[in-house]
Amino acid sequence: MRNDLETLKHIIDSSNRITFFTGAGVSVASGVPDFRSMGGLFDEISKDGLSPEYLLSRDYLEDDPEGFINFCHKRLLFVDTKPNIVHDWIAKLERNQQSLGVITQNIDGLHSDAGSQHVDELHGTLNRFYCNACHKSYTKSDVIDRTLKHCDNCGGAIRPDIVLYGEMLDQPTIIRALNKIEHADTLVVLGSSLVVQPAAGLISHFKGDNLIIINKDRTPYDSDATLVIHDDMVSVVKSLMTE
């Protein structure tokens, strides 16, 4: 492990165009449940009697707007979550002008909360909301502080700005993410199993020097990586920052 940390530190210190690609594992230490792991959010919301895929779908929003709103308020608004050391480390490297930014599969908004400026949120963010009817914009604090569920302009359902099942990923976001990957000298994957498509397929566009994967479980890209660390990333980053 120590040799891996030394290698990781050397690569990070010698890189000036790092792109980060993050998944659910990054936010677990902040109290955000991993969607797909055993005991994760999908397991938990399955207890509601409807499939998680349906509850997080465009169809459910259209079939039962009130039910969809209530589900979002009950299950998705992580009020007390704060960035952890991994989010802070990524933001610090961006401030130090070593990083091109971060691409994330997460919807919790914690990268932005940590101070990262160049964040491509592939699946949207819970930091923004909008009316499903008239598209008036709302912030997360609007929704939480005022317990807003319906638009004060037209009465429509206020939905989070996330990509639901049955909706397409935002193409400008995909283009920005591809640009970050294609121009990176080092790509660091953190807390992602790299199996959810099409987002995970972006990794195949990396042509730089070093692919680093830090994840508890194996990924389909492990054999292509310069360095693979199967460990808790909070522990890895803490150790890295004390090296």
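The backbone N, Cα and C atoms fix where each Cβ goes, and this holds for glycine too.
Look at Swiss-Prot and you will find 1-243 tagged as domain 'Deacetylase sirtuin-type', backed by sequence analysis. As annotated by Swiss-Prot, NAD(+) binding site applies to Ala24, Phe35, Arg36, Gln105, Ile107, Asp108, His123, Ser192, Ser193, Asn215, Asp232. According to Swiss-Prot, the nicotinamide binding site annotation covers Phe35, Ile107, Asp108, on the basis of sequence analysis. Per Swiss-Prot, the feature active site, proton acceptor maps to His123; the stated evidence is sequence analysis. Taken from Swiss-Prot, the feature Zn(2+) binding site applies to Cys131, Cys134, Cys151, Cys154.
Other residues of the same chain near the Zn(2+) site, with their Cβ within 8 Å of the Cβ centroid of Cys131, Cys134, Cys151, Cys154, are Asn132, Ala133, His135, Lys136, Asp152, Asn153, Gly155, Gly156, Ile158. Ala24 (NAD(+) binding site) carries a helical DSSP state (H, G or I). With a 10 A radius on its CB, Ser193 (NAD(+) binding site) counts 20 other CB atoms from all the protein chains. The highest number of surrounding Cβ atoms within 10 Å, among the binding-site residues Ile107, Cys134, Cys154, is found at Ile107. Most Cβ neighbours within 10 Å, among the binding-site residues Ala24, Cys131, Cys151: Ala24 holds that distinction in the structure as shown. The two recorded residues, Cys151 (Zn(2+) binding site) and Ala24 (NAD(+) binding site), show a Cα separation of 30 Å. Within the same chain, residues at least 6 positions away in sequence whose Cβ sits under 8 Å from that of Asp232 (NAD(+) binding site) are Lys216. With a cut-off of 8 Å between CB atoms and residues at least 6 apart in sequence, the same chain places Ser27, Ser30, Val32, Phe78, Thr81, Thr125, Leu126 near Asp108 (nicotinamide binding site), listed in sequence order. Rounded to the nearest whole angstrom, the C-alpha distance between Ile107 (NAD(+) binding site) and Cys154 (Zn(2+) binding site) is 26. In this structure, the CA atom of Cys131 (Zn(2+) binding site) is 27 Å away from the CA atom of Ala24 (NAD(+) binding site). Taking the C-alpha atom of Cys134 (Zn(2+) binding site) as reference, the shortest distance to any of the binding-site residues Ala24, His123, Ser193 belongs to His123.
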